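One structure is given here, and the rest of the page talks about it.
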């Protein structure tokens, strides 16, 4: 364990000595993580403690740094979706769609309305699973294991819908430039209907279990609050910012994929504490369900699921065997020989945890010159040490899980 | 008890007589160990989410005697490494493995833990078998919960047939020595 | 009243003269270049000016241009966002071969880690940063991995045979 002991020149050592000289009280250092079971994911925090109270925290990150941005500079554009999957793996379709939309912005591809609505549906499903995991795990951390087991069944249902759409459960790698790789099967829509029927009942029960629960309220109200100004300065976005009372939502500020066609409320909290974050996520799940229903109701007739852009959209495999032109397009796309303009693009989507941005710089070659992911977790996790200052150790765990920091997104 | 649907594991081969049952010690120990493996989930990324699904109501790993997820390496039998292990993480993984008491088994879940997966980069360890010995590899990116359950069942087979003396055998000592683990 | 590109340009040119230049609308984002030594003054101005109000730092990242001339080897890119007017801007500051730029972590708290990440990837020295050390990679690392000359793959790998990946011409 020697490598975990702090060197004598560390600032904690100074603080401890000062405090000891001042009034003889002994502070201690606690190493939380990186594999602590209560922190879901790998985060290391070296805490300076006065008994049970946290005085300071020093986070270390990078334990699953996988060099996404370096890989992205060496891969053709369509091979980058698998990387986006593995960033925020709780809501990978949002990341996939965000990446395709960035490329569509770059290439000037217009996506048909029906495909846009399908995208909205799958992105909102992803948001539901993301919030579902976060809130149920928050329940586990406050001692309510039941809620977790109960709603996790419905996450499986969403995964079944994903499987119908793209064949994969978690790392979906869904979509193409201009739409989807195939039309959604009738089975997907049927499963979606069943989900829309059953899930609200369970989610209502889940809410009832927590929202007025004395123990849960005692554990979360006024735990880890953050003011709106502080949150904005720390770059918070998404539910965590909205819990602090700022109604910023990329879906509203810069609508993409026809979000302007739908009516929904952007729920906001007041104090930015753990309870508010929980409630904002709960409310967003209801809004997501409403958006999905609206999208299904407004869905244009027909079976159009991708834009007619043969330069970028892979032809059907059968045609590749019989049709000269399809074979050429197929070859060009797979070899990454598609024409790409030289440009700088920034595109943002509202990910599960906030503004997920893609900054893409191209030089006309088959790979991005530079691709930077604006990862919301990475940015707002900076606020964590300040949020847990003065909190109890057990509260630090609850605050961490209510922030929904996803290690894959944090470390890229 | 006839209307209960509790399934019992079959007893090992042996001689049954009136009031006694004789079998090999190896088999009994193996049977007991195999059906009460305490997992230590070392979940770092995506595969950890699938492990959550494996533990949760739908797939329920508890059916295989792994009800108690042990978060302390000192009291775990089965280290399940799920997700990318970066070079920064590798010493910590090794430390966790060294803390585990014998007998200990390792399942490497997912392409990243097995071989580095799609992350063939400067920061990622190309397979955890570079730092610790692995018993079962589960492929997939991420593997489905069924695959994780299958991996656990494969490990149960290994455990069931393992000799009680294996851990003190020279081969095993040599294996640990090759990883520089004392 | 929406915030127009020309308003931003006029204000900046009026206050900083030639330190802000190359204004252009790039797709949906208004972008311009600044002189690297004026970065804190310009960003502070953009944040505090009552009509501009670019109060949110969306993103900060670096880029490496090894093929450019000596004074344009690296770039730092800032994305700012004004939520009142819902306007994004992109600011680009070019740096030379020994990249140095003043930190903006006292203006936006969130830029602290973004600057550390940029330092980690490109070795850009942010002058005045409170804790400029590696964030994602190991502290022991000596090179800067996102520079173009740094190889993506681990040089020490032994498990993959180059012949099967088309990475060698010797095929025996």
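The count begins at 1 with the first shown residue.
Cβ coordinates are placed from backbone N, Cα and C, and glycine is handled just like the others.
Heads up, TrEMBL stuff is auto-annotated, nobody curated it.
As recorded in TrEMBL:
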type: BINDING; residues: B:46, B:47, B:112, B:141; note: [4Fe-4S] cluster binding site
type: DOMAIN; residues: B:46-155; note: domain 'NADH:ubiquinone oxidoreductase-like 20kDa subunit'
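Projection of TrEMBL feature records onto the structure.
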residue: B:46; record: [4Fe-4S] cluster binding site; CB count, 10 Å: 29
residue: B:47; record: [4Fe-4S] cluster binding site; CB count, 10 Å: 32
residue: B:112; record: [4Fe-4S] cluster binding site; CB count, 10 Å: 31
residue: B:141; record: [4Fe-4S] cluster binding site; CB count, 10 Å: 19
Number of helical, extended and coil residues in the domain 'NADH:ubiquinone oxidoreductase-like 20kDa subunit' (B:46-155), per DSSP: 46 helix, 15 strand, 49 coil
Integer average pLDDT (0 to 100) for the domain 'NADH:ubiquinone oxidoreductase-like 20kDa subunit' (B:46-155): 90
